[in-house]
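A.B. asks: Take a look at this one; I'll ask things after.
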Amino acid sequence: FSGSIYYIKFARVWIPDPEEVWKSAELLKDYKPGDKVLLLHLEEGKDLEYRLDPKTKELPHLRNPDILVGENDLTALSYLHEPAVLHNLRVRFIDSKLIYTYCGIVLVAINPYEQLPIYGEDIINAYSGQNMGDMDPHIFAVAEEAYKQMARDERNQSIIVSGESGAGKTVSAKYAMRYFATVSGSASEANVEEKVLASNPIMESIGNAKTTRNDNSSRFGKYIEIGFDKRYRIIGANMRTYLLEKSRVVFQAEEERNYHIFYQLCASAKLPEFKMLRLGNADHFHYTKQGGSPVIEGIDDAKEMAHTRQACTLLGISENYQMGIFRILAGILHLGNVGFTSRDSDSCTIPPKHEPLSIFCDLMGVDYEEMCHWLCHRKLATATETYIKPISKLQATNARDALAKHIYAKLFNWIVDHVNQALHSAVKQHSFIGVLDIYGFETFEINSFEQFCINYANEKLQQQFNLRLLLLEAMDYLKKQIPWTLIDFYDNQPCINLIESKLGILLLDEECKMPKGTDDTWAQKLYNTHLNKCALFEKPRLSNKAFIIQHFADKVEYQCEGFLEKNKDTVYEEQIKVLKSSKFKMLPELFQDDEKAISPTSATSSGRTPLTRIPAKPTKGRPGQTAKEHKKTVGHQFRNSLHLLMETLNATTPHYVRCIKPNDFKFPFTFDEKRAVQQLRACGVLETIRISAAGFPSRWTYQEFFSRYRVLMKQKDVLSDRKQTCKNVLENLIPDKDKYQFGKTKIFFRAGQVAYLEKLRADKLRAACIRIQKTIRGWLQRKKYLRMRKAAITVQRYVRGYQARCYAKFLRRTKAATIIQKYWRMYVVHRKYKSKRAATIVLQSYLRGYLARNRYRKILRDHKAVIIQKWVRGWLARTYYKRSLHAIIYLQCCIRRMIAKRELKKLKIEARSVERYKKLHIGMENKIMQLQRKVDEQNKDYKCLMEKLTNLEGIYNSETEKLRSDLERLQLSEEEAKVATGRVLSLQEEVAKLRKDLEQTRSEKKSIEERADRYKQETEQVVSTLKEENTLLKQEKEALNHLIVEQAKEMTETMEKKLVEETKQLELDLNDERLRYQNLLNEFSRLEERYDDLKEEMTVMLNVPKPGHKRTDSTHSSNESEYTFSTEIAETEDIPLRTEEPSEKKVPLDMSLFLKLQKRVTELEQEKQVMQDELDRKEEQVLRSKAKEEERPQIRGAELEYESLKRQELESENKKLKNELNELRKALSEKSAPEVTAPGAPAYRVLMEQLTSVSEELDVRKEEVLILRSQLVSQKEAIQPKDDKNTMTDATVLLEDVQKMKDKGEIAQAYIGLKETNRRSSAMDYHELNEDGELWLVYEGLKQANRLLESQLQSQKRSHENEAEALRGEIQNLKEENNRQQQLLAQNLQLPPEARIEASLQHEITRLTNENLDLMEQLEKQDKTVRKLKKQLKVFAKKIGELEVGQMENISPGQIIDEPIRPVNIPRKEKDFQGMLEYKKEDEQKLVKNLILELKPRGVAVNLIPGLPAYILFMCVRHADYLNDDQKVRSLLTSTINSIKKVLKKRGDDFETVSFWLSNTCRFLHCLKQYSGEEGFMKHNTSRQNEHCLTNFDLAEYRQVLSDLAIQIYQQLVRVLENILQPMIVSGMLEHETIQGVSGVKPTGLRKRTSSIADEGTYTLDSILRQLSSFHSVMCQHGMDPELIKQVAKQMFYIVGAITLNNLLLRKDMCSWSKGMQIRYNVSQLEEWLRDKNLMNSGAKETLEPLIQAAQLLQVKKKTDDDAEAICSMCNALTTAQIVKVLNLYTPVNEFEERVSVSFIRTIQMRLRDRKDSPQLLMDAKHIFPVTFPFNPSSLALETIQIPASLGLGFISRV
């Protein structure tokens, strides 16, 4: 069965490559034994002839099938070799972005150089409690395995973290410690886990530095032991450190830094407390500027300094010690700046008053001259004398640097010691887990003493690792009964012997003791001792000062130069003595060899022997050995520390973490194959692979093997015994039996056998696929042939039919053509005949017409001639007549013309007049009437002229008449004519002048007419323009109306959308509020439980017997908040216990919710106080009336004491009221708004007048009270009662009055006064002083006056308080209104003018709405107050009635005096059962015990009605309400709530118990609502149920307390069902194959993975469904509300979905196509369960949406951009991180599936980059949805409920 059979055509192999280390290729032909060349085809497309080594003839490594690539465990690979390991790591790191991979017992961690979201608390919770192989590789999985083995095996554990600088060792160790701190918690209240984590920043600051490879490189190794107690909680820690790189203090290479703490100090130099250190920039100091890189990008050294100081404070290092540390560090920096000046070649000096040395001496508290001397000199001691010798400048510089290194090393040790003391615990350590963060194998171009020590330590660790690995292999083989053969492995014991044997390389210690020993002499000794004698030791060819050691990882060449000096670590003793003599107390502590340094935390010694830390620290301290111990070499100390470490590791169970640095440039997710291979070889991973490959690395259970390779079996091979079936199959498949072994439960395979089986399986599946394809293709071709044949027949049928139709058409056309020809010919002949006939008829008609017309014309001509003659004759006669008539008319005309001319003259004269003109043009005036109105002002002059013209015309006419008469007279007389001639001439001139005026008037009129016409035209033009503008405006109006309509629609839609969004947001806010409130309740219950536990612990510790029941005041709970009823805290509880509660609080309180609750409680208390005052007033009236009727002497002394107490109370109240009024006046004058409270303002004056009057009235009342008080005191001294019984006050009255006193001082004062009064009254005889009764009369008068004044004071006080409160409220409202107005004004001024109006309207609407809401709220409050007052009036009426009945009883006065009045209860006969239960007060505890504490839910739920305990309790409450016994109601409800809490605390893990009491609590709550008497809860009640409503008490506050209790029970119920479901979910939903055969099982490697095959003990989906059905049936049996059941179902499904999805995201083996189908099937079964239970509308299905989408994501196509778009739109319930994680984890189970390409994942990320979702990777599986309790009234009648005898409630009677 030769291996050459694997090298066939298309087989893939790995060949060496100088660039990529290994390159993949494919065989082009089969390999045959003897071939020297392999024909290969490379992946880049080239062909290659690969020559085999003729000596070894080794074939290239085979490549694993693609299905095995990317496995979580490297040992799961079939071919285990270097290229397979490298390729698997590269695929996981680059393609899947997975940095952790298992390699057997090793966790390989590759530094991503990027922050990854895989270390949150949700990830820690996901890995907690999981098996190591069940989840993807992670540092948390290793930490969980260590923690679990520590608890299970009772054995200490170690986690060994190694790797080279920059690989991430420190971060990995830090995350491991964080895991322990989070999972385990601490055993005390000291938060030890926080201190353990706080040690990291301290150690990083003093031990880490920037190197060329790492910005935060640890320059020391450390081993941290985390101690645990018996309950495996952290109690403390201890740290050991190894090989601090002291040389870095004085020297840094290029681009490197000193330790971080120096740069943090320099960055914080400006702080006030650091000014004394006289620091500056890091570039100013020699020790911090050598690297030239003082700043790390992205790091703020000042902030880091703050973190370091904060960590020191947390660890208990005081401020003084911190400043001491910083002084020493600053001194080291200043010491580095000390310079030397050469005097000659052998001596040097320091300049005088050298500032750096002066600062160093000041900080260190040493003498300047002494330190200056010993820095330039040294002391040489011989046997007889001591010499002081100067040293050269170089020696002095080296001595200075040695001193600086020594001081820093001592300080480092001191800090480590005190960190250990701070982390130490006084509690005995039960076990521990050690975390070793140590350097990995190192090899550089120049390797020195540090690399030698590091590689020596790695040789020891590798030896331990190999032995551990072989031991585990052997144990596994023996456990499975596999024949064990010793595996050949590389043993590095020879290398270790070479180093640490007597003549080994550590011969260096002996050479250091030689007086003249040098590096050269030591090298020669090494050559002489080991060269050519040890195969592991070599000498370089070209060097005599170096040597080569063959380590387990590689050959390393060490340079001998500096070995001796570094090993000696020489420090001059004189310099140390100078430092020891320092005045700075802390400095000598660093150099104490004999006694332990003082702790900065003032803690006592832990008692633990201190382990060896850093070199140069002696472990013992005898005076004679100081010098000897001081000479102990670094190598010797390191070897001792290493041996101690190995002893510790061998005594523990180790876990290995190997950190790999992927590249030297710190590029994120960049993989350098060369660097990775170097580290894999150095860290032992490849050795692990080699050892695993030498044995049986591949392991399968029989069931997994059968499930995977069932396809290779025939039906006859399958037996009922799976083990025998697998044996038979393997014998046939693999003939060589050495290639596998059968164990008890597993089959073990050699390397390569799984690949061979996978090849057989793939071939079988490929053959089956080919056969399936053949059959399907034949079937498809047959179907295609039949389809084509059928189509051909159909085509033929249609073609032949077409041809027949064409022939028939041809025949029809021929026949039609013949018929057409016949009819056409007939038509042509017929048409010719018709044309000829028509032509003949036309000729005849024309001829006959011509003859007729000629005859007609002749007749017509004769007729016309006769007519012409007639008319001519008539014309001649008429012409003659007309001539005659014309002549006559002409004569007439001439005569008439003459007459007319005469008339004309008259008319012309008349025409000159205006009146005539008006008459002629009256039509025109009407037309221009409108125009004349506008030009009236211009026509005024015209009218005046017209009036003058009229006058002139009148004068003219009169004158004309006169002239005519004169002319007639002148004609008679010439003399008169001559006289009149001159007068006529003047008149003619006047006439001419008048004519001229008339013409001017006409011209003016004409101009006026023209202007009127022009105005008319302009008016018409303006009208037309306005019409056009009107038209445009109408159009704009229509457009605006249309736009307004559209905007209204848009606004309506927008408002609807906003309304929907706001509604959703309000729902979310409401849910958030509920969630916060319920979280508060959860935290409250947790604190309450914690308080009870602490109280029990205190009781046990103090051994104090439990006191009896403490009674409290009857009204104590009435003044408490709603939470008072849920606890039993006595008044005398210790304050320290309460102060410890906040330290337990981990969830931050929601302050907004807390303030709202506080405000609500304050309002309720105020309202309650008002009602209580009213009740007190009524009771006082009743008591006064009763006191008047009952004149018993024994009451009189009590009344005096009562009056005294009342006086004191009133006096204190008056003082308080006066103080409040003064404060109010001061606030009004100082803090109010200026415009409201300014002096002179109306409001201010009114307020001040009222306040002044109130103050004066109070002063008057105070004086009256003082006068009355003095009279009462004198009166009280005169009273001496005889009988002690008569001095006792009525307890009830006094207690009620004392309870009204709010101040404790008042109560104490009243008690003292009462006590003194009783004492004095007992010594005096009252009856002797009151023999005549005068004192009694005086007392009665004073009492009446006191009562009157008291009532006036009370009413005045209340009115004053109301007025002051109203004024305060008014002032506050004015302030708020003023602020709002100012804000509104400022906002409006910034708005444009259009928006100001809208804003003001909106503001007014808002204001009116708020006022309306306030008024409605006030109305509701008043209604509520009215209802409460009505109830109280009923109570008072009932009390008054009882008093009247009592007063009417016929009882003698002697009986009244001798015996107290006892109320007589007259039983009332009830006709039927009233739905109440009566019990005695002393039976309350018995009732609670039988009904709650000892009740078994199962029997009640099965045999009795649901909610019976709730009904019984409510009926008892009803009876107490009926009796108006508030104490009984309060006591019963408080006992009930506390008893339910006790039951749940005792049996809180039982689902039935929690469900039962959740149901009963809700039913009790519903009963309190249903029978509360509030209208909102009485809608569904019957009339009988309404009669059963509570009458006396309003239990709204108790309803809130019960609601809170129900929320707590619901949360506990969720936790219980979560604990039950959690172990089932992963197995049932993910691992179990519900559909058998769909998903194959892949190899698991060394880590055990939970099998997906159903065994007897595993959970399946049916298990989950049965459990869900069990939960549902229990809740239904208990009568839980259907809405509450739906909420529980939603919560259960959310838990199932969240846990399943979280595990899917953390398990690469579960992300496959087949698993997606399994999940979808499982989800469909859950949905079917919801349908069966009628819970589809509960919202439970929606909680599974993320899981459904994740399953769909596993199944959808993942190649193209369209696929990416579909995924982005489909996965809306998954976050971007979850989608990318699933795609990265997607793993094919079969070879036919394809992996998701990196480019596709990047496409998804680009498309989802704008999505705003949570960066959280995992869902919060602990999230609890806020619960609500919808009101669910019961139709059950209370009077029908029967109490079964099984409950043991026989002491309860029905009423």
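The backbone N, Cα and C atoms fix where each Cβ goes, glycine too.
I grabbed these lines from TrEMBL:
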DOMAIN    8-60  domain 'Myosin N-terminal SH3-like'
DOMAIN    69-762  domain 'Myosin motor'
BINDING   GLY163, GLU164, SER165, GLY166, ALA167, GLY168, LYS169, THR170  ATP binding site
REGION    597-633  region 'Disordered'
COMPBIAS  599-609  compositional bias 'Polar residues'
REGION    642-664  region 'Actin-binding'
COILED    914-1104  coiled coil
REGION    1105-1125  region 'Disordered'
COMPBIAS  1115-1125  compositional bias 'Polar residues'
COILED    1154-1230  coiled coil
COILED    1339-1439  coiled coil
DOMAIN    1534-1810  domain 'Dilute'
A.B. asks: Please identify which of SER165, THR170 has the densest Cβ environment, defined as other Cβ atoms within 10 Å, among these binding-site residues.
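C.D. replies: That would be THR170, with the highest Cβ count within 10 Å.
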A.B. asks: Report the mean pLDDT of the predicted model across the region 'Actin-binding' (642-664), rounded to a whole number.
C.D. replies: 89
A.B. asks: For the region 'Actin-binding' (642-664), find every same-chain residue at least 6 residues outside the stretch whose CB is under 8 Å from a CB in it, and list them.
C.D. replies: 89, 93, 103, 105-113, 139, 142, 145-146, 149, 153, 155-169, 172, 176, 213, 223, 240, 242, 434, 436, 440, 456-457, 460-461, 464-465, 468, 611-612, 670-672, 675-676, 679-680, 683-685
A.B. asks: Same-chain residues six or more away whose CB lies under 8 A from the CB of ALA167 (ATP binding site)?
C.D. replies: ALA109, ASN111, GLY440, CYS659, ILE660, LYS661, GLN679
A.B. asks: Please spell out the DSSP helix, strand and coil residue counts for the domain 'Myosin N-terminal SH3-like' (8-60).
C.D. replies: 0 helix, 24 strand, 29 coil
A.B. asks: Give me the count of other Cβ atoms within 10 A of the Cβ belonging to GLY163 (ATP binding site).
C.D. replies: 27
A.B. asks: Which residues of the same chain, at least 6 positions away in sequence, have a Cβ lying under 8 Å from the Cβ of GLY166 (ATP binding site)?
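C.D. replies: Expected: ASN111, THR211, ARG213, ASN214, SER217, LYS661, LYS666.
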A.B. asks: I'd like the number of other C-beta atoms within 10 A of the C-beta of LYS169 (ATP binding site), please.
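C.D. replies: If we count other Cβ atoms within 10 Å of LYS169 (ATP binding site), we arrive at 27.
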A.B. asks: Taking helix as H, G and I and strand as E and B in DSSP, count the residues of the region 'Actin-binding' (642-664) in helix, strand and coil.
C.D. replies: 9 helix, 8 strand, 6 coil
A.B. asks: Once near-sequence residues are set aside, which residues in the chain of GLY168 (ATP binding site), 6 or more away, have Cβ atoms under 8 Å from its Cβ?
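C.D. replies: In sequence order, ALA109, ASN111, CYS659, LYS661 meet the Cβ cut-off.
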A.B. asks: Taking 8 Å from the centroid of the Cβ atoms of GLY163, GLU164, SER165, GLY166, ALA167, GLY168, LYS169, THR170 as the cut-off, which other residues in that chain fall inside it around the ATP site?
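C.D. replies: Here the nearby residues are ASN111, ASN214, SER217, SER218, GLY440, CYS659, LYS661.
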A.B. asks: Does GLU164 (ATP binding site) have same-chain partners at least 6 apart in sequence with Cβ under 8 Å from its own Cβ, and which are they?
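C.D. replies: Listed in sequence order: ARG213, TYR439, GLY440, PHE441, GLU442, CYS659, LYS661, GLN679, ALA682.
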